[in-house]
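Report on the structure given below.
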Amino acid sequence: MAAVEQVSSVFDTILVLDFGSQYSHLITRRLREFNVYAEMLPCTQKISELGWKPKGVILSGGPYSVYAADAPHVDRAVFELGVPILGICYGLQELAWIAGAEVGRGEKREYGRATLHVEDSACPLFNNVDSSTVWMSHGDKLHALPADFHVTATTENSPFCGIAHDSKPIFGIQFHPEVTHSSQGKTLLKNFAVEICQAAQTWTMENFIDTEIQRIRTLVGPTAEVIGAVSGGVDSTVAAKLMTEAIGDRFHAILVDNGVLRLNEAANVKKILGEGLGINLTVVDASEEFLTKLKGVTDPEKKRKIIGNTFIHVFEREAARIQPKNGEEIEFLLQGTLYPDVIESISFKGPSQTIKTHHNVGGLLDNMKLKLIEPLRELFKDEVRHLGELLGISHELVWRHPFPGPGIAIRVLGEVTKEQVEIARKADHIYIEEIRKAGLYNKISQAFACLLPVKSVGVMGDQRTYDQVIALRAIETTDFMTADWYPFEHEFLKHVASRIVNEVEGVARVTYDITSKPPATVEWE
């Protein structure tokens with residue numbers, strides 16, 4: 001098999017080393033917004049194992065104290081790369097601590113907005129950055145400058161809010177330029193990536209299509225076959241279309257009806273993908289197999305792993321059934337994994353812990369016989385939507401709300417049965433139907449109904465009822481890393497609740513989830 005270049009080897013790349021800040025992913029997003037490719041890895045990344053050389057390195061913020069015994073620290077080999085380095089918040093303190101300066105608790109913690117004063121206008125990091133509002137989030141502070149560094153910026157409470165090495169392109173800032181509250185933060189990040197690191201602004205979806213198609217062809221070769229999971233969602237559809245563009249009929253799209261799909265989903269997917277996009281599609285009804293294995297299981301992590309493992313078994317079986325005309329065996333399994341999936345599943349001792357196994361990157365068998373191919377794993381959601389439109393996929397499909405790989409199984413809290421799935425499925429259908437009628441669908445990033453494992457007393461007619469509870473969720477987000485709940489009008493929620501209680505047998509009560517991410521995740525399980 002020919003060697004396949006990583007995206008970070010094809011495009012000039014800024015490496016973001018994550019120390020656990022809730023804002024770390026925003027650094028990557030901001031850089032990509034001005035067409036510079038950025039990749040985030042844990043701060044524990046060994047530079048010798050990287051396999052590519054970044055144009056520059058950014059050390060993120062984090063919740064630790066650099067002087068603590070259990071504090072995470074960057075691989076010192078990063079300083080041997082000979083590339084510019086920018087430390088943000090904890091990253092500044094890490095740079096100073098490594099250089100021998102004293103870092104300790106501040107007299108008072110500094111959270112929220114502050115006024116930045118640029119002290120060194122000649123510093124290239126602050127080119128076209130004036131005194132402005134910045135966002136602070138720290139309890140520790142630098143007590144003295146490290147040797148060979150000078151001050152570039154200050155705030156009222158931070159005399160070393162910006163520092164720079166006297167002769168090397170090493171910079172530190174105590175504030176967070178990646179958040180929108182820092183009014184000129186994007187300019188500062190662009191100065192670092194484009195002016196200081198000299199990273200080419202070539203990261204566009206047009207360029208990505210050409211690069212990724214070539215990568216797929218190199219990876220798969222001229223004869224191998226690929227089998228791909230599709231669900232009718234944005235991610236799997238874009239991945240399937242991209243694969244079809246790359247290898248044509250050697251790609252076999254498979255829809256597994258796992259018994260926990262949306263209402264009429266199998267028929268709709270067959271029409272849209274098969275007839276509309278010309279993708280060769282096979283529908284496999286494995287609903288009984290999935291539901292049987294889920295019987296009696298209530299733990300959400302176990303559900304995910306069961307669904308992931310069963311999914312792989314079904315695909316291996318289907319791959320064996322399909323006989324390619326050229327006699328080659330199917331070698332690859334396509335998945336529509338996105339970059340947020342990868343970020344959320346990173347787990348290392350210290351700054352970050354896995355919140356839950358992601359349905360696209362977790363729950364896979366160790367002995368999986370098919371090789372995984374994930375052409376979208378470097379992309380955020382908005383990038384995937386843009387890519388889909390460039391590939392000729394309809395606006396309606398490209399902007400369809402996400403649907404999780406485990407489907408309604410993680411929207412039925414508790415044991416998953418055919419009856420419980422049907423209740424959640426019907427409630428969800430009514431909810432989405434009303435959102436569309438109200439003209440709100442494209443204003444909302446994701447919406448769904450889930451069935452709670454509790455019962456509630458109700459009154460239907462003159463009869464007392466004791467039935468289940470539906471929770472509705474709708475969120476607004478740009479990247480699914482953070483999200484706010486959608487503020488529906490009360491009359492809208494009243495109407496939806498009335499329809500669900502009256503039309504879905506077994507439901508006595510409807511609630512609306514008003515929790516943001518963080519602290520909650522988008523899905524309940």
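Note that Cβ sites are derived from N, Cα and C of the backbone, with glycine treated the same way.
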Of Glu316, Glu523, residue recorded by Swiss-Prot at the XMP site of Arg304, Asp462, Lys517: Glu523
Structural state of Lys517 (XMP binding site), classified by DSSP into three states: strand
Greatest inter-residue Cα distance in Å for the XMP-binding set Arg304, Asp462, Lys517, Glu523: 41
Of His176, Arg304, Lys517 (the recorded positions), the residue whose Cβ has the fewest other Cβ atoms within 10 Å: Lys517
CB within-chain contacts under 8 A for Glu523 (XMP binding site), separation at least 6: Pro404, Ile410, Arg411, Cys450
Separation of alpha carbons, His176 (active site) and Val234 (ATP binding site) (Å): 32
Spatial neighbour of Cys89 (active site, nucleophile) that is closest, considering only the binding-site residues Gly232, Ser236, Lys517 and their CA atoms: Lys517
Residue from His176, Asp462, Lys517 whose C-alpha is spatially nearest that of Ser231 (ATP binding site), among the recorded positions: Lys517
